Amino acid sequence: MSSSSLPTKSSNALLSVNFNQDHSCIAVGTRDGYSITNCEPFGRVYTNNAGPTSLVEMLFCTSLVALVATSDTDPKSNASPRRLQIVNTKRQSVICELLFPTAILGVKLNRRRLVVVLEQEIYIYDISNMKLLHTIETSPNPMAICALSPSSENCFLAYPSPVASPTSPFSNSGASSSAEANTTAGDVLIFDLLSLSVTNVIQAHKTPISALALNATGTLLATASDKGTVIRVFSIPAAQKLHQFRRGSYAARIYSLNFNAVSTLLAVSSDTETVHIFKLSSGAGAGAKGRSSSNGGESPSLNSFDGSSDSSSPPGSTTNATRGGYEAFMGKHKAAKSNGISGTLRRRSMALGRGITGSVGGYLPNSLTEMWEPSRDFAFLKLPSQGVSSVVALSSTTPHVMVVTSEGYFYSYAIDLEHGGECILMKQYSLIDPDLDTTSTARSDTATPSLAD
């Protein structure tokens, strides 16, 4: 579950819910309007009864909020799912409005970019002046699956690749062009929002992507497919596979992935009642900053097959959706593949395939090992209800796992950072009525902070 329409078994009043970028606040959209709630201490910071609000996205803890309303039956109403409002909550003013050709399904913000996700398009804006920088055409993406790095320096956008990568080990090399264009490859495209160019395509899963998350520094990407049994973590932008985790043996729909602030833990929520917390090795963050190496842990990205050593596209600002985009990236790699690996394979086949055997032999054992030895969770928690969608986050100030469900409840669980195991429920509140405390834990009776400019 993200800041989008909520599925079944949800509160009738709740339309959307989402944590902000540093997991310090929760943005809530309801049939009455929207609100901002502080996580610690828990308390409502801001409320506006502006009418049904389907999307609410904060910019960290500032007063800047992006809003999308639901359709209104009143013909005089200005509300439309195609209209985005950027609002200053402190000054009670609308900074700007943007109208799009189809309904807005997702909105992402960091301090440099605004990303608006439609079903088949992504719009990228400079947040300082709201200038449209780039438009990306995508395959149908009704769940608005994408991830934006909170970092201003490593400013990356990840979203499902529009076509299968031609060098994917999971694809059939003899398939037709229509089969090649299907969206079941499970590939993820990494787009640099500063240079406005594709930097890599990660072949993350065999089946379609269901969830993505980038860490706070924009150096790690977590991925899940619609099977939901395996979670993978890659370095960005090098696309080196660093971790593979086993969520469970049975398929589940992944609702949320989130790293903690220092990228040592990854929390995963699904349509089961169990939230899993996986532990990342201490060296993962540092390793993510470098380029991919030729060791056995390297992911099957495009570069690991076509021999290219530099995955970065040349920088440059453009508003052309093709130039610097997926087509340009794939065209470059298809040419490299034709001139590079294909010719190499033909030459090596004349030498009894010795080189081919070496390259394939180096890849297959790693794949088989990954199938047999995925890491299990370090800690877990059980939600009171099963079948509810949820958003999970890890507190940056306390060793707590925070979960918000589509029923409108906020849960805070204590995690043992040394031994792991089952987390302990510490607090439970209602987001619909923040004065309601349904646990025996005493609520902190302190003033809630106000949003800063």
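Each residue, glycine too, has its Cβ placed from N, Cα and C.
Feature motif 'L/FRRG motif', per Swiss-Prot, maps to range 245-249 of the set 70-74, 165-169, 245-249.
Here the motif 'L/FRRG motif' (245-249) has, by DSSP, the following mix of helix, strand and coil residues: 0 helix, 2 strand, 3 coil. Residue counts for the repeat 'WD 1' (9-49) under DSSP, split into helix (H, G, I), strand (E, B) and coil, are 0 helix, 23 strand, 18 coil.
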